[in-house]
Amino acid sequence: MKNIAILGSTGSIGTSTLDICQRYPDRYHVIALAAGKNVATALEQCRQWRPAVISMADEPSADALTQQLKSEGITGIEVVHGTAGTVRVATHPDVTFVVSAIVGVAGLEATYAAVALGREIGLANKEAMVAAGELIIAKARETGATILPIDSEHNAIHQCMRGGTPAEVKQIWLTASGGPFRNTPLADFAGITPQQALKHPTWVMGQRITIDSATMLNKGLEIIEACRLFNLPADRVRVTIHPQSTIHSLVEYVDGSILAQLSVTDMRLPILYAMAYPERVASDLTFDLATLSHLDFQQPDLARFPCLRLAYEAARAGGTHCIALNAADEVAVDAFLRGELPFLGIPETIERVLAATPVRTPASIAEVLAADEAARHLAREFLPQPAHAA
Ligand SMILES: NC(=O)c1ccc[n+]([C@@H]2O[C@H](COP(=O)([O-])OP(=O)(O)OC[C@H]3O[C@@H](n4cnc5c(N)ncnc54)[C@H](OP(=O)(O)O)[C@@H]3O)[C@@H](O)[C@H]2O)c1
């Protein structure tokens, strides 16, 4: 039995994780949950899972949840909030496995706290690895914490890496769907709306990662995540566009063999793999190979997807440039979703923030968060200013 904490329980990965817990009640026991501001779903999860502790993003959300639990006569659930709350969830003494699935850097401190305790981590929150990967990996080496990637590409690489030693790996290939604008004429990019960008061809995910897939910044974050998780330089992490999203990624070995992982496009499979590791457990998440007629690949076009070029540059620079890439993107994506920034303004904002950010290597999580805040501040300054009333 693994005792589970879920950071980001109300999100897409969080709810898929709970679905796994529901399917395998003899293997997984939910102990602690951390949500953001979705009080209704958090309440529903408290009713069903009766966690020992639940954290909400802020005090008003925690107060609202406390009130509702009280009015339903549900007792015995500790309600906490904020960063201290997420850390409490990740470090609860009964927890053995932490699923890190808060979007953005909000889950960073809790993830790091779990690593510092030597826990097993199922890592979906790629932003934490992009912003503080060097520190997280160093701490995991010190404490013996196991980090199991949930991101489907890194999960695939983790599976394919079981076919050889790290020294035998020549390079790895991350597959990318190419997003909804893979074949859109470049001239039409300026007019892309949030509604169009939120339609991902193969995956159903949270809003930020869906927009990041449309700009391919998501693949860029994954390049940095892969460099850190698998200890590889950026030029040995390659990207290939594979529109079917059937092969989730590949590892090329020095002898010329290339191992690929294929499966359904359902995040419950990589979540189950991470939670069950090192075992494999039976599931109904099967893929019918007989229905597969062809697999396509094409090279990514860096003119169409400047975010990918910016990510490779940040991966080579490291430190504050990886932090700034992620932070500037989050600010720009928010502005795009609010209709305040055009689609092409996303890479433009990131490029301006990177140009204004000196390269440094933060020595602590506090320094990472300070660099993150500085980059957000710059990004906000570079956003188009709202027109003032006459
Ligand atoms: N979805 C996928 O298929 C997928 C695949 C690979 C990797 N990932 C990664 O997994 C992470 C989660 O993605 P997602 O798609 O599940 O996102 P999502 O659906 O937007 O969910 C995000 C979760 O984070 C919570 N949250 C947001 N701000 C918070 C804060 N300040 N404090 C505490 N909790 C907060 C949200 O809570 P509320 O909703 O309650 O506000 C929600 O539970 C991201 O890092 C993403 O890149 C996702």
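Placement of Cβ uses the backbone N, Cα and C atoms for every residue, glycine included.
According to TrEMBL, the features are:
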type    : residues                                             : note
BINDING : T10, G11, S12, I13, G36, K37, N38, N125, E127, G206  : NADPH binding site
BINDING : K126, S152, E153, S177, H200, S213, N218, K219, E222 : 1-deoxy-D-xylulose 5-phosphate binding site
BINDING : D151, E153, E222                                     : Mn(2+) binding site
DOMAIN  : 4-133                                                : domain '1-deoxy-D-xylulose 5-phosphate reductoisomerase N-terminal'
DOMAIN  : 147-230                                              : domain '1-deoxy-D-xylulose 5-phosphate reductoisomerase C-terminal'
DOMAIN  : 262-377                                              : domain 'DXP reductoisomerase C-terminal'
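Positions of TrEMBL features highlighted on the structure.
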residue	record	contacts (Cβ under 8 Å, 6+ apart)
T10	NADPH binding site	A35, G36, N38, T41, A42, Q45
S12	NADPH binding site	V204, M205, G206, M267
K126	1-deoxy-D-xylulose 5-phosphate binding site	D151, L221, E222, E225
E127	NADPH binding site	V103, G104, V105, G107, L108, L221, N326, E330
E153	1-deoxy-D-xylulose 5-phosphate binding site	L174, T175, E222, A226, H248, S249
H200	1-deoxy-D-xylulose 5-phosphate binding site	S177, G179, P180, T210, S213, A214
N218	1-deoxy-D-xylulose 5-phosphate binding site	I209, D212
Task: Residues in the domain 'DXP reductoisomerase C-terminal' (262-377) grouped by DSSP into helix, strand and remaining coil - done: 67 helix, 2 strand, 47 coil
- [ ] Determine the mean pLDDT over the domain 'DXP reductoisomerase C-terminal' (262-377), rounding to the nearest whole number.
- [x] 97
- [ ] For E153 (1-deoxy-D-xylulose 5-phosphate binding site), just give me the three-state DSSP call.
- [x] helix
Task: D151 (Mn(2+) binding site), number of other Cβ atoms within 10 Å - done: 28
Task: Counts by DSSP class (helix H/G/I, strand E/B, coil) across the domain '1-deoxy-D-xylulose 5-phosphate reductoisomerase N-terminal' (4-133) - done: 66 helix, 27 strand, 37 coil
TODO: Determine which residues of this chain, when D151, E153, E222 are set aside, have a Cβ within 8 Å of the centroid of the Mn(2+) site's Cβ atoms, and list them as they appear in the sequence.
DONE: K126, P149, S152, H154, N155, L174, N218, K219, L221, E225, A226, S249
TODO: Could you tell me which of these binding-site residues, G36, N38, E222, has the fewest other Cβ atoms within 10 Å of its Cβ?
DONE: N38
Task: For E222 (1-deoxy-D-xylulose 5-phosphate binding site): DSSP state (helix, strand, coil) - done: helix
- [ ] Count up the helix, strand and coil residues in the domain '1-deoxy-D-xylulose 5-phosphate reductoisomerase C-terminal' (147-230) according to DSSP, in that order.
- [x] 48 helix, 11 strand, 25 coil
Open item on the list: The record lists T10, G11, S12, I13, G36, K37, N38, N125, E127, G206 as binding NADPH. What's the largest Cα to Cα distance among them, in Å, rounded to a whole number?
Closed with: 21
